[in-house]
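A.B. asks: Can you read through this structure? Questions will come right after.
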Amino acid sequence: MRAHTVTVLFILTCVLVYVTLLEETPQDTTYNTKRGIVASILVFLCFGVTQAKDGPFTRPHPAYWRFWLCVSVVYELFLIFVLFQTVRDGRQFMKYIDPKLGVALPERDYGGNCLIYDPGNTTDPWHNIWDKMDGFVPAHFLGWYIKTLVIRDWWMCMIISVMFEFLEYSLEHQLPNFSECWWDHWIMDVLVCNGLGIYAGMKTLGWLSMKPYQWQGLWNIPTYKGKIKRMAFQFTPYSWVKFEWKPASNLRRWLAVLGIIFMFLLAELNTFYLKFVLWMPPEHYLVLLRLVFFVNVGGVAMREIYDFMDDPKFYRKLGQQAWLVAAITVTEFLIVVKYDPRTIMLPIPFFVTQCWFLGIVLILSWTLWRFFIR
C-alpha cells in the first residue's frame with residue numbers, strides 16, 4: 001500500500017504545482033470559490049482513501065469503502081453548514097450547487113380518484129393504475145432489494161416496510177405526496193414493489209450464504225472464462241456473515257433492533273422532508289445522489305452495528321461508518337425541524353394519535369413482560 005500512498009501524493013502535488021505556476025487564476029470570485037471548495041474536498045478524499053482506517057468490507061477493494069467513509073464526513077459537514085444558516089440563506093445556498101434550485105415547488109398529490117377501475121373514463125378506465133406507473137415503481141423495488149441485502153432479515157424488512165406505510169397515513173396532513181390511494185399503499189408498495197424486492201433480496205442472500213468462498217489469484221487461473229468469472233466475483237463479499245438479530249433473546253438486543261428500525265424509518269422520512277424544505281424536485285440529481293450514498297454506506301454501517309451488538313467484548317465501540325450514518329440521519333432531521341417547524345408541528349389527527357399511543361403501550365407492555373416479569 002506504500003506505493004499507492006506515494007503515487008497519490010505525487011499526482012496530487014503535480015496537480016497543485018500546475019494550478020499554482022502554470023494556470024492563470026480567473027477573475028471570477030464565485031467561480032474561484034466553488035473551485036476552491038471542490039479542490040479542498042478532493043484533497044481530503046485523496047488523504048482519506050489512502051490513510052483512513054479500513055472497515056469490515058474488503059471487496060471490491062478497501063479503498064472503495066474508505067472513499068465512501070470520507071464522503072460521509074464531507075456530507076455531514078455540509079449538513080452542519082446548512083443547519084447553521086437561516087432558512088432563506090440555506091435555500092438560496094442551494095443555487096450555488098444548481099441555479100435551478102432555491103425556488104418553491106409544489107408537491108404532487110398521489111391521492112384523488114382512488115378507483116382501480118374508473119367506469120367514468122371510457123377512453124381508459126384503468127388510467128389510475130397507469131398514472132401510478134412512474135419511475136418510483138422500479139425505484140421502490142430496487143430500494144427494497146438493496147435494503148434486504150443490508151438488513152439480511154425478512155421480518156425486519158417487512159416490519160419497516162409496513163411501518164413506513166403507517167407513517168405515510170399518519171403524516172399525509174403534513175406532506176401532500178404522502179396522500180396515496182389505499183391500493184397504492186398496500187398493493188403497489190407493500191405487496192408488489194417492496195414485497196418482490198424483499199423476496200429477490202432474500203433469494204440473493206440465500207445464494208450468497210451457500211456460495212463457496214475459496215479465492216484464487218487471477219494469474220493462477222488458466223482459462224479466460226475462469227479469469228472473467230473471478231473478476232466478476234471480485235464484487236461479491238470476501239466471506240459471508242449471517243445476521244441473526246434475535247431481538248427477543250435479551251433486553252440489549254431488543255432495544256438495539258428497535259433503534260435500528262427507528263433510524264431506518266427516520267432516514268426514509270428525511271428523504272421526503274428534506275426535498276420539501278430545501279425545495280428540491282423529486283427527480284433532481286441531488287436526491288438520487290443521496291440515495292446512492294446511503295446504498296453504499298448503509299451496508300457497512302449495518303455490519304458494524306451487528307458486530308457491536310453481537311460481540312461487545314471484542315467490538316468495544318461503535319464503528320466509524322455507523323457513527324457517521326447515525327449523525328447524518330439526526331442532522332438531516334434537525335434541518336427539517338429548523339427549516340419548516342410549522343409543517344412538523346401541524347397537529348396529528350386524534351384517531352392517528354390514539355393508534356400510535358396504543359402501539360407504544362403494546363411495545364412497552366411486551367418489553368416489561370418479556371424481560372422483567374417473565
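Cβ coordinates are placed from backbone N, Cα and C, and glycine is handled just like the others.
According to TrEMBL, the protein carries these features:
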TRANSMEM  6-23  transmembrane segment
TRANSMEM  35-52  transmembrane segment
TRANSMEM  64-84  transmembrane segment
TRANSMEM  154-171  transmembrane segment
TRANSMEM  183-202  transmembrane segment
TRANSMEM  254-273  transmembrane segment
TRANSMEM  285-302  transmembrane segment
TRANSMEM  322-339  transmembrane segment
TRANSMEM  351-373  transmembrane segment
A.B. asks: Do any residues, 6 or more residues outside the transmembrane segment (64-84), come within under 8 Å Cβ-to-Cβ of it, and if so which ones?
C.D. replies: 41, 44-45, 47-50, 52-55, 57-58, 90, 93, 278, 293, 296-297, 300, 320-321, 324-325, 327-328, 331-332, 334-335, 338
A.B. asks: Please give the sequence-distant neighbours of the transmembrane segment (351-373): residues at least 6 beyond its ends with Cβ less than 8 Å from one of its Cβ atoms.
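C.D. replies: Distant contacts of the transmembrane segment (351-373): 166, 169-170, 248, 250-251, 254, 258.
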A.B. asks: Answer yes if the transmembrane segment (254-273) and the transmembrane segment (6-23) have at least three CB pairs under 8 Å among residue pairs 6 or more apart in sequence, and no otherwise.
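C.D. replies: They are not in contact.
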A.B. asks: Near the transmembrane segment (35-52), which same-chain residues lie under 8 Å Cβ to Cβ, leaving out any that are not at least 6 residues past its ends?
C.D. replies: 1, 4-5, 8-9, 12, 19, 63, 66-67, 69-71, 73-74
A.B. asks: At a C-beta cut-off of under 8 Å, are there same-chain residues at least 6 beyond the transmembrane segment (183-202) that contact it? List them, or none.
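C.D. replies: Residues packing against the transmembrane segment (183-202) from afar: 110, 114, 116, 132, 137, 140-149, 154, 157-158, 161-162, 165, 168-169.
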